[in-house]
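Features as listed in Swiss-Prot:
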- 46, 47, 48, 49, 50, 51, 52, 53: ATP binding site (BINDING)
- 445-492: region 'Disordered' (REGION)
- 461-482: compositional bias 'Basic and acidic residues' (COMPBIAS)
């Protein structure tokens with residue numbers, strides 16, 4: 001699969017997004033050269049992905065020039081520049097056309113393999129008969145101080161954020177995709193003026209067939225990705241030890257991450273089985289040293305891991321592979337991005353299990369297999385465990401499926417309703433008992449009237465019918481009183 005950056009690279013300056021002033025300056029420069037007015041070479045500078053190399057090739061195509069290019073993956077010492085650039089700068093091409101020489105990333109000249117490169121470039125430029133365009137990311141590096149006086153500096157600058165969405169939209173439509181405008185804006189703003197990076201992001205995200213807004217939000221850090229793409233390209237293309245090892249010097253990535261990138265892209269670059277086998281062999285040896293670094297905390301082994309990973313991989317190929325290769329982020333990163341929500345949910349479940357079982361998250365994982373079986377086979381026990389671990393409906397659904405989750409929470413809801421009804425009934429009974437007790441405290445107790453039998457009733461009636469007996473009793477009372485009085489008188 002061809003890399004979209006190369007597939008849709010503009011063939012004409014008119015197709016280059018933005019850079020209106022830069023394009024005008026380049027056209028004026030090369031037209032003056034064609035008219036016979038010799039011009040200084042142009043040093044086109046700007047951040048990575050701003051289109052410097054693209055504009056150099058586009059202007060050559062517009063004005064029918066052949067191109068000879070030396071980039072960061074090539075050896076660019078004094079002898080090479082003298083032989084390749086020096087010859088091309090003063091002669092016509094085999095086709096009879098004029099030649100445009102492109103020296104890409106001259107600010108990357110470093111190491112033993114590039115020794116004397118800058119001084120030789122200055123020497124060649126003085127005698128050049130053909131136009132020369134140099135590109136650089138950081139034109140103010142001390143190593144380029146002498147070169148700046150020999151060239152005309154043209155600022156490419158970064159691509160304006162508003163110029164990126166139309167390009168992405170056009171590429172997506174040509175590839176048969178319709179993308180939400182919000183996603184395109186997210187990718188564009190994330191690129192930070194780096195059109196190449198934006199196109200790489202678009203292609204990486206569309207590898208899965210579609211893009212969601214969350215995928216665009218979870219794009220990796222732009223600076224790191226920009227550096228890693230450049231580093232991988234250098235490692236894969238070069239056959240020189242120093243160039244390969246220097247590719248990761250300023251890289252803001254761990255070696256483990258670089259290893260994943262190389263592993264992902266090695267089969268795309270190395271088409272010969274022997275080269276591929278050697279490359280993976282060196283990569284595995286690098287991984288062994290990385291493991292020793294982490295286990296023993298001996299970081300002196302780090303340089304061996306780095307050398308095996310970069311130079312080992314680069315020198316595994318018999319010959320340099322020409323042409324463009326589509327490099328992409330490791331699929332493991334894409335999968336991790338897409339499973340982020342699921343992993344967070346699983347982590348929350350394991351936390352709840354760990355709290356109840358007094359184990360770590362790692363230890364709680366061992367209970368998951370049992371939970372899966374229980375939730376699938378025993379609904380009542382699954383309900384009890386859900387209540388015990390305080391799982392939410394979404395968490396139970398994550399462990400099982402929607403149907404089981406629905407059944408479990410239906411049971412829980414029924415039990416809650418039953419408990420509520422029982423509680424209300426008990427409350428009602430308690431209120432009634434309390435009311436009776438309070439009523440008894442307020443009202444006095446009325447003694448019950450004794451029951452009267454039929455015989456007692458007849459006796460009462462008989463007494464009422466014989467008044468003589470009452471008279472006799474009444475007449476007897478004074479006698480007893482007088483006797484008592486007489487008795488008392490004796491004491492006085």
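All residue numbers here begin at 1 and follow the chain in the order shown.
Any Cβ shown, glycine's included, is placed from N, Cα and C.
Of the listed binding-site residues, namely 50, 53, the sparsest Cβ surroundings within 10 Å are found at 53. Cβ atoms within 8 Å of the centroid of the Cβ atoms of 46, 47, 48, 49, 50, 51, 52, 53 (the ATP site) belong to the same-chain residues 135, 137, 156, 158, 194, 195, 196, site residues excluded. Residue 52 (ATP binding site) is surrounded by 25 other CB atoms, counting those within 10 A of its CB over all protein chains shown. Same-chain residues at least 6 positions away in sequence with a Cβ under 8 Å from that of residue 46 (ATP binding site) are, in sequence order, 52, 137, 155, 156, 157, 158.
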